[in-house]
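Engineer: Please read through the structure below; I'll follow up with questions.
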Amino acid sequence: MNIYKPIRKTHPIFKIINGSLIDLPTPSNISSLWNFGSLLAMCLIIQIITGLFLTMYYTANIELAFYSVNYICRNVNYGWLIRTLHANGASFFFICIYIHIGRGIYYESFNLKYTWMVGVIILFLLMATAFMGYVLPWGQMSFWGATVITNLLSAIPYLGTMLVNWIWGGFAIDNATLTRFYTFHFILPFIILMMTMIHLLFLHQTGSNNPLGINSNLDKIPFHPFFTFKDMIGFIIISFLLIFLTLTNPYLLGDPDNFTPANPLVTPIHIQPEWYFLFAYAILRSIPNKLGGVIALIMSILILIILPLTFFKKIQGIQFYPMNQILFWIMVVTIILLTWIGARPVEDPYVFVGQVLTIMYFSYYIINPMISIYWDKLIFN
């Protein structure tokens with residue numbers, strides 16, 4: 001009889017929450033690397049709340065945008081805090097999502113195909129949102145970043161120029177561009193929220209992967225209380241780091257050029273995106289051809305989709321494949337070095353290093369399955 005059951009098991013809405021956060025059967029051996037999903041949810045909520053307060057004072061107009069952000073920081077109660085939390089919150093969002101994806105590659109969680117595909121879509125949406133958010137303060141780097149990145153579409157044969165003008169809403173970046181970027185920057189986080197729910201829905205169809213990469217149905221425990229407390233440790237650490245950065249060095253990850261109002265007549269010496277796009281920007285710059293660069297840029301993220309198709313191993317997870325582990329960490333270092341190269345000027349040693357690193361980055365996805373097949377032959381034959 002339902003009368004004796006707790007409300008979380010009988011109420012139509014609470015039942016869904018209960019199945020996702022309280023009574024969810026969870027592998028008992030998942031490590032701290034499995035915390036990052038919930039940390040990403042926390043980051044998203046922080047971004048939506050701080051963004052909502054910022055949008056109350058922000059003005060999407062090229063004459064007023066820069067000064068409205070200035071006004072928020074100087075005159076609004078705790079406006080400086082809300083703005084820097086929002087800007088640095090985005091950085092933490094990307095740190096968490098990159099670790100989350102890295103964990104997915106390391107333990108080969110991409111075999112949960114639907115979850116993985118939705119995750120890649122979320123990554124694209126997040127990148128689009130962050131890019132458009134960077135344009136909103138309408139500083140020098142906002143303006144020129146928007147100019148450079150939207151101009152990449154002109155590399156598309158035949159349709160390119162028309163497409164760029166369509167996105168700009170005119171023949172140059174103007175008020176129409178800022179207004180539409182603001183519109184999409186506002187709506188996309190809610191689409192990300194919806195996609196996150198779909199991501200979770202697919203995950204809960206199959207259950208989580210675990211550090212051993214084997215079926216854990218024999219040894220599952222309820223999510224609450226053990227993993228709720230374990231997640232809370234992650235929340236506290238990330239919240240502390242975010243608040244520490246925001247209160248000690250809030251503009252550390254920003255660009256000094258963005259303290260100057262946008263001026264179409266003066267080009268900054270070195271145009272670069274925020275740090276979390278630098279690896280992709282370095283890949284873009286490594287290809288001498290414009291269209292080739294754009295394709296490489298998109299493929300640097302889209303290549304994640306092919307991972308489930310390159311799985312030919314007998315055991316899941318590279319924790320049992322020493323050579324693949326070395327290869328994985330080389331790839332991680334490659335991405336860090338690409339991030340460094342993206343922030344360097346387009347000069348001789350940097351260009352060549354960027355090209356070498358780009359080849360190394362893409363070759364990981366080719367060499368990794370080959371090495372694992374070779375290792376399987378060594379072990380099983």
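Here the Cβ of each residue, glycine as well, is placed from N, Cα and C on the backbone.
Pasting the relevant annotations from Swiss-Prot:
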- His86, His185: heme b b562 binding site (BINDING)
- His100, His199: heme b b566 binding site (BINDING)
- His204: ubiquinone binding site (BINDING)
- 36-56: transmembrane segment (TRANSMEM)
- 80-101: transmembrane segment (TRANSMEM)
- 116-136: transmembrane segment (TRANSMEM)
- 181-201: transmembrane segment (TRANSMEM)
- 229-249: transmembrane segment (TRANSMEM)
- 291-311: transmembrane segment (TRANSMEM)
- 323-343: transmembrane segment (TRANSMEM)
- 350-370: transmembrane segment (TRANSMEM)
Engineer: Cβ distance under 8 Å to His86 (heme b b562 binding site), same chain, sequence separation 6 or more: which residues?
Structural biologist: Gln47, Thr50, Gly51, Leu54
Engineer: Among the binding-site residues listed here (His185, His204), identify the one with the smallest other-Cβ count within 10 Å.
Structural biologist: His204
Engineer: With the transmembrane segment (350-370) as the reference, which stretch in 116-136, 229-249, 291-311, 323-343 has the largest tally of C-beta pairs below 8 Å?
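Structural biologist: Answer is 323-343, with the largest number of Cβ pairs below 8 Å.
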Engineer: With pairs 6 or more apart in sequence, are the transmembrane segment (291-311) and the transmembrane segment (181-201) linked by at least 3 Cβ pairs under 8 Å?
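Structural biologist: When sequence-distant Cβ pairs are counted, the transmembrane segment (181-201) does not touch the transmembrane segment (291-311), since fewer than 3 lie under 8 Å.
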Engineer: Contact between the transmembrane segment (229-249) and the transmembrane segment (181-201) is defined here as three or more C-beta pairs under 8 Å separated by at least 6 residues; is that satisfied?
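Structural biologist: Answer no, regions not in contact.
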Engineer: I'd like the Cβ neighbour count for His199 (heme b b566 binding site), meaning other Cβ atoms within 10 Å of its Cβ, all protein chains included.
Structural biologist: 21
Engineer: Could you check whether the transmembrane segment (36-56) and the transmembrane segment (116-136) come into contact, where contact means at least 3 Cβ pairs under 8 Å with the two residues of each pair 6 or more apart in sequence?
Structural biologist: no
Engineer: Going by Cα-Cα distance, which of the binding-site residues (His100, His199, His204) sits nearest to His185 (heme b b562 binding site)?
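Structural biologist: Going through His100, His199, His204 one by one, the closest to His185 (heme b b562 binding site) is His199.
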